[in-house]
Amino acid sequence: MILNIITDSHILISFIFSACWLLIKEVLLKKFSENSKSTLNFKATQVRHSLSLLHSVLIVSFCVYFLNRNDVLLDLMAPTTVEQQSCLIFSLGYFIYDTLTWRFTDLTSIIMLFHHIFTVFPLMYVITKRHFGLLTILTLLILESTNPLLHTWRLLFINPSTASSNLHSIIGLLFAIAYTIQRLLHGTKFVQYLHNVNAPYFVIITANLLYVISFLFFIKIVTFLIKKIWHSKKKKKR
């Protein structure tokens with residue numbers, strides 16, 4: 001089964017997309033190296049978040065397009081259309097690239113790696129089976145819809161001139177609110193929906209695993225905001 005998935009023509013196209021993402025990364029990194037005096041680590045982080053922002057904006061746009069069509073909400077379990085398949089292949093290519101180039105820095109990065117793994121293999125399965133495309137696109141929308149805010153916040157954070165700006169704080173707050181709505185509120189309803197419609201076993205398992213990881217990240221976000229508010233109050237007292 002694994003061999004059939006890896007050798008599937010559409011999966012191979014995803015690997016081509018992965019190579020394209022890697023090539024874009026190297027080109028941007030080289031360009032930044034020529035035009036900037038920043039450290040190599042800073043440039044690599046900036047490029048990585050920029051590409052993540054680009055993917056999240058594109059994939060959210062694709063997902064909204066598919067879900068806004070009049071004919072698509074008839075059956076979430078229907079066979080995958082050519083357009084939906086193209087969207088999934090494109091997104092899988094990015095996730096493979098991001099997983100293979102992942103950097104381990106702390107516990108969060110390890111949890112994030114598992115988040116990617118639980119995304120990559122179900123995507124491969126759906127693409128190979130040519131089924132559940134719309135359901136997977138809805139899942140991607142829930143998972144990716146807050147990422148444009150997240151990666152914008154990260155790009156502002158790593159830049160010393162904007163790390164303490166009001167814009168950075170506003171984007172961070174908007175992300176926290178959007179994450180709570182999408183990952184927890186809509187995520188909870190989505191997982192319940194999958195159970196109610198007797199979705200395939202692998203779909204339910206994947207959704208539950210991603211939901212647990214989303215909850216862990218929610219705890220981290222809340223902890224970060226509490227620490228930031230606490231430090232702000234201490235600075236004002238001084």
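Indices start at 1 and increase along the chain as displayed.
Including glycine, each Cβ sits where the backbone N, Cα and C put it.
Just so you know, TrEMBL annotations never went through curation; they're auto-generated.
Taken from TrEMBL, the feature domain 'TLC' applies to 41-230.
What TrEMBL lists as transmembrane segment is 12-29 (among others). Here the transmembrane segment (12-29) has long-range neighbours at 43-44, 47-48, 50-51, 55, 89-90, 92-94, 96-98, 100-101, 124, 127, meaning same-chain residues at least 6 beyond its ends whose C-beta is under 8 angstroms from one of its own.
Residues annotated as transmembrane segment in TrEMBL: 50-67 (among others).
Here TrEMBL flags 104-125 (among others) as transmembrane segment. Beyond its flanks by at least six residues, the transmembrane segment (104-125) meets 5, 11, 14, 88, 91-92, 95-96, 98, 136, 143, 202-203, 206, 209-210, 213, 216-217, 220 of its own chain at Cβ-Cβ distances under 8 Å.
Note on the transmembrane segment (162-181): residues 145-146, 149-150, 152-153, 156, 217-218, 221-222, 225 of its chain, located 6 or more positions outside it, place their CB under 8 angstroms from a CB of the stretch. What TrEMBL lists as transmembrane segment is 162-181 (among others).
Residues or ranges marked as transmembrane segment in TrEMBL: 201-226 (among others). Listed by sequence, the residues of this chain that lie at least six past the ends of the transmembrane segment (201-226) yet keep a Cβ under 8 A from its Cβ atoms are 108, 111, 114-115, 118-119, 122, 125, 132, 135, 139, 143, 172, 175-176, 179-180, 183-184, 187-188, 190-191, 194-195.
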